[in-house]
Amino acid sequence: MNWHFLRTATVLLIFLVVVEINSEFRIQVRDYNTKNGTIKWHSIRRQKREWIKFAAACREGEDNSKRNPIAKIHSDCAANQQVTYRISGVGIDQPPYGIFIINQKTGEINITSIVDREITPFFIIYCRALNSLGQDLERPLELRVRVLDINDNPPVFSMSTFVGQIEENSNANTLVMRLNATGADEPNNLNSKIAFKIIRQEPSDSPMFIINRNTGEIRTMNNFLDREQYSQYSLAVRGSDRDGGADGMSAECECNIKILDVNDNIPYMEPSSHMVRIEENALSQNLVEIRVIDLDEEFSANWMAVIFFISGNEGGWFDIEMNERTNVGILKVIKPLDYEAVQNLQLSLGVRNKADFHHSIMSQYKVTATAISVTVLNVIEGSVFRPGSKTYVVRSDMGQNYKVGDFVATDLDTGLASTTVRYVMGNNPANLLNVDSKTGVITLRNKVTMEQYEMLNGKYQGTILSIDDALQRTCTGTINIDLQGSGWEKDSEKVTSSQNSGSSTGDSSGGTGGGGRENPSEGDTTTNTGGKTSTDYEDGETQTQSNNNHQELGSNNLSDNVHFGPAGIGLLIMGFLVLGLVPFLLMCCDCGGAPGAGAGFEPVPECSDGAIHSWAVEGPQPLPTDATTVCVPPIPSNNANVIECIDTSGVYTNEYGGREMQDLGGGERTTGFELTEGVKTSGVPEICQEYSGTLRRNSMRECREGGLNMNFMESYFCQKAYAYADEDEGRPSNDCLLIYDIEGVGSPAGSVGCCSFIGEDLDDSFLDTLGPKFKKLADISLGKEVEPDPSWPPESTEPICPQQGTEPIIGGHPPISPHFGTTTVISENTYPSGPGVQHPMPIPDPLGYGNVTVTESYTTSGTLKPTVHVHDNRHASNVVVTERVVGPISGTDLHGMLEMPDLRDGSNVIVTERVIAPSSSLPTSLTMPDPRESSNVVVTERVIRPASGMMGNLSIHPELSNAQNVIVTERVVSGSGISGISGLVGSAMGVSGGGMAMNSLGGGGGLSSSMGGTATIGHVRSSSDHHFSQTLGSASPSTARSRITKYSTVQYTK
């Protein structure tokens, strides 16, 4: 295929199309003028129909409205129809909005606001021409509006401080760093062209750097950088746009240039020469110190020096150790010098650095020698063994006193055998050898036996000492013996005798060599081992004794045979016998015997907290029971000096501990409690006799010895059943022994179930009378959200009781401040005696958070000679029952008043239950003053009073400071004399009752009562959403009508 022709044809075709599109058709028409007969030629031009394009550029940061209209569009379709012009794009219907607007009739486009080129460098406006139906008459037209740039942005450096480094002595024009700065103005424009300039240099001695104004490169100006002169330079550089013009904007930055160190300084030593002296055969660790000076950077490899020997140390006597922190060299003597061999030495030392020298001074470096003159001093030398060790061979056929060889010391001064020394054995394993003290001849002490051969493992290594008594010097030589051959003697008796003989001989020899001198003197001693090594010591006798000790230790160390002797076998047999004796010991052991037999386990003390049950029956712990309804036998009245403590109930519960004694008239009152719950039953009454005026109550320790009487228990529970059956069947819960709290928190087992006696087992009509105590259970069953109760941790304190004999305070607060906690002691059963009126005693309540069961029995009467422990009857026609209250009683009226002071704990509650007092002198009302905190709760329960002698209304003060306060009154039994009931005013709770007056609960925890009794502050919980507003009608004294359920705990929530 002819590609050249094809390319030519394609180019021609494209050219023809372009010409056709842009060409104009010119038609000439002859116009004949009939008048004058002339012809006119008219040129008619036909052009392609298109838009009229025009758009003027806008300058940023200026008001361009004076240039409006910046553009105008027009379509030739407007000649024969109505055209509507519309525009769209950025600045019109896209952010930023409203910059351009158009006249829809004329097509003029106007600008309305100031533009920023850095945000929008140009605008593209899409123009449309629409007819009356909204249809496009032309293709959309793109109109570009360019924004002209102005110099409104200064240069910006990428860093405020540039950091660079360069070695000293670098060549000129060496690149150090490159600065970077940019401008936000239009690129490739004069406004964004930045010129760099160094405006300051520190130190400013002479300029050392130059900068390229266009690229920002910083280079060295010369090769004179010297770190030892200046280690760092700081430059200030300015960058200006418009190529550094006067009308440009500028910015500045800092440049820190660090000069790196190179090894361009030759070290040298100070001083340049030394003279030292040293004795022969002496070693020195610090003969002379040589200091090296170097100007390079300290602690670098360019600064650390290395001192070397140039000459004079051919014998290797000296060595140099460098201290890298001080750059000081220490010359040491590591090999003894011999005066007879050399008297003077000339050492020549040189120095260099660890790092190589820089190329700039490599040619200048020359080794400079430092001379050290060493003078060797002559000393009187002792004898030495040359050579220091010898090896001999001993065979099995060599007998006692066999000459192994000789080992003679040499006098260093003369070079001949020493004649002034004596020889002794030093380390002599197995006492094998003996040495002649004068000649140094070594012989066998005894014939070598098999045991010695095995002990030495065929190799013997010992030492021989040469002692010069005149010079007080000692040298040491080493003796090596190779035991060869076989047939070593095995006679143990002979071996033992030989060893004993050799040992005594060695000891005597050692004593002769070391300490046999009569006049030992002090002096310098030289010890040479295998050469000319010398040491100093002062006492030659001590040295000899040390050698003897070494000999004995070496002999003991080699004796490492282990034998299993008779003692070890006996210990093993004894261990097995002991193991076999253990079963017999267990069979004979008395692991608990019959009671009273004298043998067995000791009882656990009652104060211990162990795993032993505190109840005296088998099975689980019995539930707490109430013994208040058990009939009490008549009390003898003719014996005033004997108190008969009759306890027919046998069932009691003690939950608190303590012991309290208090004077009652002329006698004593003793009350005992224990920190356990227990059940004691007895078929017969218990009688205890004490002195006059003294009451004694059996403790748990005494009751544990009793057994369980089922007949009595059956009688007791029958009485309880009949007592509850006589009561109103409309009670919400007929089981008073179960004290209910919030279900799931501290409730006893089975508290949800009802243990009451119900006539019909399948009758569930009792559910209609359930009280608010089951509200939480109902809420849980219905799926409602149950709010948790806040915790209330009380403080633990001790009770403070008033002194006996003080006058009762009426209307005031006595100085009694009981604190409440979980371990407070409670006096449960209190029995007044004596003729006088007893004063009130406050009893703080130790009840903690949770359910508790307390059974109490109190009684008061007229003037009683004996004080009797009596269980109170359930009902009495002439008593008011208050629980845990002790009140003074007189024969005619009640004058004793209880005044409870303000309690320090703001979350205390007040509980009044079961007050026992005669009706003849009961006051008309019970008054409780304002507690100090609105969270206090007052609960009054089971008030039984006669039909006469009391006011017939319950008045609750309306000034309750907090609507959350709760007052609950339960089981109020009143006679026909009650006139009316007034409820609670200003509170969310309704209360029904009679015969009691309470002031508002304002701020304290104190209680003031106008009747002769003591109110106990307890822990009571309820919730403010329970509204008790029942009205009790007339009832007989023996019945109780109430729809209010007893709550043992009432919780106040803010």
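Cβ atoms are placed via backbone N, Cα and C, with glycine included.
According to Swiss-Prot, the compositional bias 'Gly residues' annotation covers 508-517. Taken from Swiss-Prot, the feature domain 'Cadherin 2' covers 158-269, and the record attributes it to sequence analysis. Taken from Swiss-Prot, the feature N-linked glycosylation site covers Asn36, Asn110, Asn180, Asn557, and the record attributes it to sequence analysis. Positions annotated as repeat 'Desmoglein repeat 1' by Swiss-Prot: 830-856. As annotated by Swiss-Prot, repeat 'Desmoglein repeat 3' applies to 887-916. Taken from Swiss-Prot, the feature repeat 'Desmoglein repeat 5' applies to 945-973. Sequence annotations record features per position, and here Swiss-Prot assigns topological domain 'Extracellular' to 50-566. The annotation topological domain 'Cytoplasmic' is assigned in Swiss-Prot to 588-1054.
According to DSSP, the domain 'Cadherin 2' (158-269) comprises 7 helix, 50 strand, 55 coil.
Looking at Asn180 (N-linked glycosylation site) and Asn110 (N-linked glycosylation site), their Cα atoms lie 41 Å from each other. When pLDDT is averaged over the repeat 'Desmoglein repeat 5' (945-973), the result is 42. Around Asn110 (N-linked glycosylation site), the C-beta neighbours below 8 angstroms that are at least 6 residues distant in the chain are Ser65, Asn68, Pro69, Ile70, Phe100, Ile101, Ile102, Asn103.
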